[in-house]
């Protein structure tokens, strides 16, 4: 069949897609803080990088700030899922805020490893994107001794003060393949470097990228639901494009362009780890309106991981125990 003669037929859904355990936990922390203490609740940085999620929480009474000086004395403050530096933690405590830490436990694992190895005299090479809040939080665990590399070329430029005790850590939301390539370059220059006991890139990032690798060759176009600030969503689009599939990232269904689907039969659809399923369903509805007949979910890994909530948020304002489950935003369908 001529490409021009192709008509929209089928939507293939990546599995898994959308919310991960760390995002679900972070959103639920804000929701429960609002339930227990009432609005406003202050959140340093966007709780997760998704426009819809942030706007929904704003409507419930969350106020998102970057500077702690914008938070009134005695207020309740939540740290975002990306983590914060030691300096931010210390300042928040000094200002007397009631603090709930929504840092993803997998990011916290990296922070703990950095602190442990630093005491043993290690310097660090961090693979990540300059300016990303997770990178700033991890590098801010120490006053010095962490060298950021964004690509292979950066590996040749860094100048650790010693190489006998050197360890690698990575941003959790990177491209798995890119991180492996940079890690190999680090190992080639510093053969004795200590690599992570377990890969820092999180299970959800790995699973969503693996799903795109399976999905991309089977479709004519791939749509990623995610906000521009979402690192892991951007990596999904880049991965599909690298595999030779036309790929676009949209914040929501309103950003879809009819021209993208001309001459296309099969549409692949996935979502970054901070994008709620309601946005995926809206995109499906829009693509159906353009002519797609069926929707099929691909086989994939079922994620069952749940991260515990802070103890102070397992009860409501009256001291009644709250059920631990998915956030309200996760339940939206």
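Backbone N, Cα and C define each Cβ position, glycine as well.
Now, the feature entries from Swiss-Prot:
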{"type": "BINDING", "residues": "20, 104, 202", "note": "[4Fe-4S] cluster binding site"}
{"type": "BINDING", "residues": "49, 82, 132, 230, 231, 232, 274", "note": "isopentenyl diphosphate binding site"}
{"type": "BINDING", "residues": "49, 82, 132, 230, 231, 232, 274", "note": "dimethylallyl diphosphate binding site"}
{"type": "BINDING", "residues": "49, 82, 132, 172, 230, 231, 232, 274", "note": "(2E)-4-hydroxy-3-methylbut-2-enyl diphosphate binding site"}
{"type": "ACT_SITE", "residues": "134", "note": "active site, proton donor"}
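Overlay of Swiss-Prot annotations on the structure.
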{"residue": "20", "record": "[4Fe-4S] cluster binding site", "CB count, 10 Å": "29"}
{"residue": "49", "record": "isopentenyl diphosphate binding site", "CB count, 10 Å": "28"}
{"residue": "104", "record": "[4Fe-4S] cluster binding site", "CB count, 10 Å": "26"}
{"residue": "132", "record": "isopentenyl diphosphate binding site", "CB count, 10 Å": "17"}
{"residue": "172", "record": "(2E)-4-hydroxy-3-methylbut-2-enyl diphosphate binding site", "CB count, 10 Å": "29"}
{"residue": "202", "record": "[4Fe-4S] cluster binding site", "CB count, 10 Å": "26"}
{"residue": "230", "record": "isopentenyl diphosphate binding site", "CB count, 10 Å": "25"}
{"residue": "231", "record": "isopentenyl diphosphate binding site", "CB count, 10 Å": "24"}
{"residue": "232", "record": "isopentenyl diphosphate binding site", "CB count, 10 Å": "26"}
{"residue": "274", "record": "isopentenyl diphosphate binding site", "CB count, 10 Å": "32"}
Given the binding-site residues 20, 49, 132, 202, 274, which lie within 10 A of residue 172 ((2E)-4-hydroxy-3-methylbut-2-enyl diphosphate binding site) by CA-CA distance? 202
Tell me the Cα distance separating residue 134 (active site, proton donor) from residue 82 (isopentenyl diphosphate binding site), rounded to the nearest angstrom. 5
So around the isopentenyl diphosphate site, 49, 82, 132, 230, 231, 232, 274 aside, which residues have their CB within 8 A of the centroid of those CB atoms? 48, 134, 173, 229, 233, 272, 273
Spatial neighbours, same chain, of residue 134 (active site, proton donor) - Cβ under 8 Å, 6+ residues apart: 82, 83, 107, 128, 171, 172, 173, 231
Please identify, among the binding-site residues 20, 104, 202, the one with the smallest Cα-Cα distance to residue 274 (isopentenyl diphosphate binding site). 20
Between residue 230 (isopentenyl diphosphate binding site) and residue 20 ([4Fe-4S] cluster binding site), how far is it from one CA atom to the other, in Å? 13
Record lists 49, 82, 132, 230, 231, 232, 274 as binding dimethylallyl diphosphate; longest Cα-Cα distance in Å? 15
Nearest recorded site to residue 202 ([4Fe-4S] cluster binding site) by CA-CA distance, among binding-site residues 49, 132, 232: 232
In whole Å, how far is residue 20 ([4Fe-4S] cluster binding site) from residue 49 (isopentenyl diphosphate binding site) when you measure between their Cα atoms? 13
Sorry to bug you, but what's the C-alpha spacing from residue 232 (isopentenyl diphosphate binding site) to residue 104 ([4Fe-4S] cluster binding site), rounded to the closest Å? 14
Relative to the mean position of the Cβ atoms of 20, 104, 202, the recorded [4Fe-4S] cluster site, which additional same-chain residues have Cβ within 8 Å? 21, 22, 23, 81, 105, 106, 107, 172, 173, 203, 204, 205, 273
Nearest-integer angstrom distance between the alpha carbons (Cα) of residue 132 (isopentenyl diphosphate binding site) and residue 20 ([4Fe-4S] cluster binding site): 19
Between residue 20 ([4Fe-4S] cluster binding site) and residue 232 (isopentenyl diphosphate binding site), how many Å separate their Cα atoms? 11
